Amino acid sequence: MEKITVVGSGYVGLVSGTCFSEIGNRVICCDVDPFKIAMLRKGEIPIYEPGLKELVKKNVDADRLFFTSEIGDAIEASDIIYIAVGTPMGDNGEADMRYVHEVARTIGKHLNSYKIIVNKSTVPVGTGEQVRQIIMENRKNRFVQFDVVSNPEFLREGSAIEDCMNMERAVIGATSDKAAKRIADLHAPFRTRIFQTNLESAEMIKYAANAFLATKISFINGIANVCERVGADVTSVAAGMGLDSRIGAKFLQAGIGYGGSCFPKDTFALSYIAEEAGFDFSLLKSVIAANDEQRLVVVDKLKQALGCLEGKKIGVLGLAFKPNTDDMRYAPSLTIIPELVRLGAYVRAYDPIAMQAARNQIAEYYEDFETLEEALEGCDACLILTEWSEIVEMDLARVKQLLTAPIIVDGRNCFSVREMKEREFVYYSVGRPAVTTGSANASAAKTVSL
Ligand SMILES: NC(=O)c1ccc[n+]([C@@H]2O[C@H](COP(=O)([O-])OP(=O)(O)OC[C@H]3O[C@@H](n4cnc5c(N)ncnc54)[C@H](O)[C@@H]3O)[C@@H](O)[C@H]2O)c1
Ligand SMILES: O=c1ccn([C@@H]2O[C@H](COP(=O)(O)OP(=O)(O)O[C@H]3O[C@H](CO)[C@@H](O)[C@H](O)[C@H]3O)[C@@H](O)[C@H]2O)c(=O)[nH]1
């Protein structure tokens, strides 16, 4: 049993802290945001993450998981201190390190005994060394020792608990073998593969992994755009490519590009790191540019289906950057909805979970509705931006009744082209043949001429 303090109780800190308590450790999660801590103390969860509420309750009840905004006290009470604060995108695309540095100062001031400081936030190479320096400068007793370790996090929102409890690998970067072993031992109950390396390489592995996954997505989106023009189907192409074990089937789902709190900021940060180090990472820059362009393919498809967007009512389904999260950071909807409005459309929107989070960001651009049906009622077309299961499983016959014309533009390839043809929808998806014929086309044509 280790005594662990996790500084930062957001998506990563709260989930990993809870999972560390689940495997038997005594964990204190702390945060500068007193409202977050007050909620957590009442058993409420500030974020939407499936299974988290139950797991938090289980471990709080077992006296293994605690919450506080007294960060100094929490640091003094533990032997392993995890840093899990945000590293958002700064002005030039570089990672904004102010929260990590602030935590390092606080750790320094409260270093009352030997501790291992573990960085879980995604940070540029060299941060471990910076954290070490800051702690040295701020520690009151210069005889108290400490080690700094990098242990980047790879969980995905929406499946965070599953990813954490069944992690594929734990990357541990350290200068001290003793500290690295202790963090490796901490992970033993997860029965995961340990990959030990130096601090710098561990920090780089996180950016490299995210940039590679982002590259896979931009690549398949490029292939999708070619497929549309030459009559191939990207879902078949991806499936066929994925059978090659050197390529793999994952992260080859074409759509409206990657969003979320990580890929956009981490690709920019890595590009900046490369630039600073004297390397023009043109491939990565192209991945970012391709992702920006991919957002707008669904707007072009709506234009093709409706003629023009001026005065048209568009029912947007899905606002979150992916299903099973309320996270709106860099969600494609944040770009697409304002663009539709700029082109004269009127947007009615629905998301099963992210409605409040979306309102906080772009409320002025659309009207939101409590149900999918209300959002679609009287719309000229339906636009799918997130593949929530409620949306994938929606009653298409009912959707047809609700829309003024049976037009669906699907940014996530939720339905089979054949089914949409049989159901006589005008159906545009990404990287697959458009369905523009049949009785649905007559309705569409009518809409265009209105
Ligand atoms: N969200 C993910 O899926 C994910 C996955 C892997 C890695 N990461 C990385 O993990 C880090 C955290 O990401 P997140 O999504 O959990 O961020 P988040 O914004 O959800 O949470 C960060 C928390 O840190 C708190 N905080 C800020 N300064 C603090 C301080 N000085 N002391 C105590 N608390 C402080 C904030 O109030 C906030 O609650 C980032 O570097 C991110 O890139 C995120
Ligand atoms: O084939 C795919 C897979 C994903 N996406 C999009 O890519 C984005 C990111 O998806 P995902 O990776 O599932 O979600 P995140 O929660 O952002 O997780 C990523 O970012 C985290 C933060 O660094 C890492 O820890 C995870 O390993 C990494 O997968 C989303 O917009 C998805 O819609 C696609 O367009 N096509």
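Cβ atoms are placed via backbone N, Cα and C, with glycine included.
It should be emphasised that the depicted structure is a prediction, and the values quoted were computed from it without experimental measurement.
TrEMBL lists Phe154, Leu155, Arg156, Glu157, Lys206, Phe251, Leu252, Gln253, Ala254, Gly255, Gly259 as substrate-binding residues, and of the candidates Lys58, Lys313, Lys322 the one it assigns to that same site is Lys322. The NAD(+) site in TrEMBL is built from Asp31, Lys36, Thr87, Thr122, Glu157, Arg329 plus one of Lys216, Lys265, Lys400, namely Lys265. Non-local contacts of Ala254 (substrate binding site) by the CB criterion (under 8 A, 6+ apart in sequence, same chain) comprise Ile220, Asn221, Ile223, Ala224, Val234, Thr235, Ala238, Asn413, Val430, Gly431. Among the binding-site residues Asp31, Lys206, Leu252, the ones whose Cβ sits under 6 Å from an atom of ligand 1 are, in sequence order, Asp31. The two recorded residues, Arg156 (substrate binding site) and Cys262 (active site, nucleophile), show a Cα separation of 9 Å.
The recorded positions near ligand 2, defined by a Cβ under 6 Å from one of its atoms, are Phe154, Arg156, Cys262, chosen from Lys36, Phe154, Arg156, Lys206, Cys262. Cα spacing between Leu252 (substrate binding site) and Cys262 (active site, nucleophile): 18 Å, rounded to the nearest whole number.
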